[in-house]
Amino acid sequence: MSRARNHLRAALSLLAVSARGAATGVLGQRGLSAWPAPQEPGMEYQDAVGMLNTLQTNASYLEQAKSQRGDPQKQLEAMELFLARSGLQVEDLDRLNIIHVTGTKGKGSTCAFTEHILRNYGLKTGFFSSPHLVQVRERIRINGQPISCDLFTKHFWRLYRRLEDTKDGSGASMPTYFRFLTLMAFHVFLQEKVDLAVVEVGIGGAYDCTNIVRRPVVCGVSSLGLDHTSLLGDTVEKIAWQKGGIFKPGIPAFTVLQSEGPLAVLRERAQQIACPLYLCPPLEALEEGGPPLTLGLQGEHQRSNAALALQLARCWLQQQEHRDLGELKTSRVSGSWQLPLAPVFQPTSHMCHGLQNTEWPGRTQVLQHGPLTWYLDGAHTTSSVQACVRWFRQALQRNQRPTSGPEVRVLLFNSTGDRDPAALLKLLQPCQFDYAVFCPNLTEVSSPGSADQQNFTVTLDQVLIRCLAHQQHWSHLGEQASPALQSTPQPSGPVPHSPHRGSASSLVFSCVSHALQWISQGRDPVFQPSSPPRGFLAHPTASSGASVLQEAGAIHVLVTGSLHLVGGVLKLLEPSLSQ
């Protein structure tokens with residue numbers, strides 16, 4: 001096994017490995033540096049983030065914890081003890097007027113829509129979300145903006161020292177990474193005196209550490225699907241049970257239309273907890289009789305998230321006895337529902353502007369950089385990748401064809417955790433990519449990078465093995481799709497609407513930066529790295545592909561499969577996010 005790993009390290013210190021030479025093709029002489037890299041010294045914010053990273057669960061311990069998982073209820077009780085050690089009681093969180101949101105896909109977008117709507121009412125908002133894309137302070141926002149480096153540093157050290165001071169010999173310890181940030185968010189929101197806090201669940205709901213909140217104002221459940229199955233269960237019904245764990249007695253909750261099985265589970269959970277649960281009518285019902293609503297986030301699937309956000313925002317305003325709620329309309333929504341239907345109303349101007357102005361990086365985001373168009377979406381479940389594919393294909397149809405040179409499509413993909421990459425890649429095949437590129441969620445190989453993007457929960461071996469597995473899955477899918485092409489010489493360059501699309505050549509790169517260097521070929525006006533490392537185009541696939549990309553009239557790049565991958569790409573394509 002150790003010999004295999006050494007061979008793998010040697011192969012992937014290479015800058016690129018093609019599908020036909022994944023086992024033997026060695027490009028370049030520079031090896032991978034130790035990963036993750038140490039934080040940049042001498043900066044107070046980076047020092048705080050570096051210390052925060054020591055709370056990450058290392059990979060070996062994580063595997064042990066999975067096999068010896070304790071009572072999840074006790075883990076939630078432990079979070080309450082951490083809260084008390086930090087100087088707060090659960091009752092203190094009631095002052096935050098929390099909107100608590102869970103779901104498998106779309107919960108972050110729903111939170112973003114909700115926060116923007118309520119901010120448009122002139123309210124001071126807090127917003128806690130995960131994961132971050134570039135800097136960890138993105139997780140804790142005031143009025144839509146990540147808290148400043150100074151504010152993050154001040155609150156981090158205050159909380160860290162308080163928890164350190166309350167450690168004792170009875171087993172009291174430090175909270176893990178996500179728990180610490182959850183505690184810190186509560187402290188920041190209370191200190192900054194926000195009018196409300198939108199809190200996104202981390203994983204699941206019932207036993208998520210955000211579920212120490214006992215009196216939210218309203219709860220929401222976005223679309224459900226399979227994800228984190230090793231933690232939450234291997235059926236959508238089991239996952240629905242976990243998500244419904246955020247329901248509270250007497251606290252209104254809303255959900256979007258789900259499949260019959262999980263919707264029945266949510267209804268039963270609500271009845272057991274005595275929580276009034278409502279089904280959101282489709283956005284079309286709210287638009288009837290008025291102009292269509294414009295959403296700041298692209299993709300048809302965002303309409304479901306917007307519909308949920310409108311109900312959450314309106315319910316919050318109603319609970320706070322706000323008057324501008326939108327005029328109720330007679331419901332014309334037909335069908336037999338398992339749940340009572342939420343109100344159908346005319347969205348107010350504040351609501352309309354909030355939806356239109358919503359920004360949520362890394363989700364159906366498009367960056368136009370010269371001849372390159374980057375399509376960024378952190379979809380990582382079957383249902384979310386299906387939605388991503390629909391969005392990407394619709395976006396391509398809206399784009400004008402290049403006046404000269406071929407149009408090239410590139411997939412940049414990575415998948416992590418217990419997801420099924422083969423299933424996700426199969427869904428991406430209909431996009432007819434000319435090239436598929438795989439790399440770990442590591443921004444740079446040769447520089448220390450940023451402490452914000454360090455990850456101790458996986459080893460270097462694991463991420464490299466996974467990239468090769470992705471490439472093998474893609475190659476296998478190509479063989480299944482067009483076996484006759486295996487004995488047919490490949491064209492020298494992709495042609496728009498070529499029948500060979502879907503059996504794309506693939507490459508593995510050792511980091512995001514090298515992948516972007518090859519894809520952009522120096523043609524991105526923003527991403528202009530130093531000269532590529534020696535041997536960058538040594539492999540025939542990399543070399544011939546570089547010529548095609550250099551001559552292309554338009555290059556469309558879909559980045560998906562992991563929000564962490566999207567974050568690494570954004571760090572390089574949008575340098576302002578690192579400032």
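Using N, Cα and C of the backbone, Cβ positions are placed for all residues, glycine too.
Unlike curated records, TrEMBL annotations are generated automatically.
Pulled from TrEMBL:
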BINDING   SER130, GLU200  Mg(2+) 1 binding site
BINDING   HIS228  Mg(2+) 2 binding site
BINDING   ARG363, ASP377  ATP binding site
REGION    481-501  region 'Disordered'
SIGNAL    1-23  signal peptide
SER130 (Mg(2+) 1 binding site) CB neighbourhood, other CB atoms within 10 A: 19
Number of other Cβ atoms within 10 Å of the Cβ of ARG363 (ATP binding site) across all protein chains: 25
Those residues of the chain, 6+ apart, with a Cβ under 8 Å from that of ASP377 (ATP binding site): GLY299, GLY362, ARG363, THR364, GLN365, CYS388, TRP391, PHE392, LEU558, VAL559, THR560, VAL566
Same chain, 6+ residues apart, C-beta under 8 Å of the C-beta of GLU200 (Mg(2+) 1 binding site), given in sequence order: VAL101, THR102, LYS107, GLY108, CYS111, PHE127, PHE128, SER129, SER130, THR210
